[in-house]
Amino acid sequence: MCTGGCARCLGGTLIPLAFFGFLANILLFFPGGKVIDDNDHLSQEIWFFGGILGSGVLMIFPALVFLGLKNNDCCGCCGNEGCGKRFAMFTSTIFAVVGFLGAGYSFIISAISINKGPKCLMANSTWGYPFHDGDYLNDEALWNKCREPLNVVPWNLTLFSILLVVGGIQMVLCAIQVVNGLLGTLCGDCQCCGCCGGDGPV
């Protein structure tokens with residue numbers, strides 16, 4: 001597969017992942033699947049918008065750039081004949097780095113939240129974080145420390161785990177495009193062989 005085709009494949013994969021990340025973050029605003037009375041009772045990490053910004057919005061732009069690479073002709077891109085395929089591939093590398101950073105942001109936020117656990121109503125009738133250093137992950141009996149919202153522990157754990165996996169996959173895909181983009185910049189796209197009056201990659 002040539003560098004342009006590879007980039008298009010990566011872009012097509014990133015789009016649904018961005019959607020899942022965006023959706024997972026939205027659902028976190030409804031702990032246990034219910035509307036909460038006070039936004040202060042939501043876990044702090046939810047407000048960092050890891051899935052909405054990191055795995056969502058910041059991932060759409062690289063994905064669209066990757067998808068458009070295969071449509072760029074070998075002699076130019078975006079209507080500019082002086083802009084060749086190599087420059088387009090180099091640009092995709094920059095967007096891939098942006099995507100990697102966005103996915104990394106979502107990944108880190110998710111990992112921190114999973115380790116910290118959700119904010120909930122505790123036995124002393126105050127809202128806080130009853131878990132420490134991920135202790136609840138290996139002991140489901142500790143989940144009873146959270147009285148409200150109902151089922152907030154499995155809810156947050158599931159959604160942040162989804163964000164963690166999505167962010168990890170996105171980081172890998174963006175890293176692949178960095179390498180792919182550099183190869184396309186240095187070596188050209190194999191589909192450009194013989195075009196524009198040339199005999200080799202452009």
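Using the three backbone atoms N, Cα and C, a Cβ is placed for every residue, glycine included.
Taken from Swiss-Prot, the feature topological domain 'Cytoplasmic' applies to 1-9 (among others).
Same-chain neighbours of the transmembrane segment (10-30): 36, 42-43, 46, 49-52, 54-57, 59-60, 62-69, 99, 106, 155-156, 159-160, 162-163, 166-167, 169-170, 173-174, 176-177, 180, counting only residues six or more beyond its ends whose CB sits under 8 Å from a CB of the stretch. According to Swiss-Prot, the feature transmembrane segment maps to 10-30 (among others), an assignment based on sequence analysis.
Beyond the ends of the topological domain 'Extracellular' (31-45), by six or more residues, the same chain brings 109-110, 112-113, 116, 118-121, 127, 129, 149-152, 155-156, 160 to within a C-beta distance below 8 angstroms of the stretch. The annotation topological domain 'Extracellular' is assigned in Swiss-Prot to 31-45 (among others).
The transmembrane segment annotation in Swiss-Prot covers 46-66 (among others), and the record cites sequence analysis as its basis.
According to Swiss-Prot, the feature topological domain 'Cytoplasmic' maps to 67-93 (among others), an assignment based on sequence analysis.
The transmembrane segment annotation in Swiss-Prot covers 94-114 (among others).
Here Swiss-Prot flags 115-158 (among others) as topological domain 'Extracellular', drawing on sequence analysis. Outside the topological domain 'Extracellular' (115-158), and at least 6 residues removed from its termini, the chain residues within Cβ reach (under 8 Å) are 28, 31-34, 36, 40-45.
The N-linked glycosylation site annotation in Swiss-Prot covers N124 (among others) and is backed by experimental evidence. The Cβ of N124 (N-linked glycosylation site) has 8 other Cβ atoms within 10 Å, all protein chains considered. Reduced to three states, the DSSP call for N124 (N-linked glycosylation site) is coil.
Taking a C-beta cut-off of under 8 angstroms and a sequence separation of 6 or more, N156 (N-linked glycosylation site) has the following same-chain neighbours: L28, P31, S43, S113, G117, P118. Annotation comment: Swiss-Prot describes N156 (among others) as N-linked glycosylation site, evidence class sequence analysis.
Sequence annotations record features per position, and here Swiss-Prot assigns transmembrane segment to 159-179 (among others) based on sequence analysis. Under 8 Å from some Cβ of the transmembrane segment (159-179) lie the Cβ atoms of residues 6-7, 10, 13-14, 17-18, 20-21, 24-25, 27-28, 45, 50-51, 54-55, 59, 62, 66, 92-93, 96-97, 99-100, 102-107, 109-111, 113-114, all in the same chain and six or more residues away from its ends.
What Swiss-Prot lists as topological domain 'Cytoplasmic' is 180-202 (among others), and the listing cites sequence analysis.
Look at N156 (N-linked glycosylation site): DSSP puts it in a helix.
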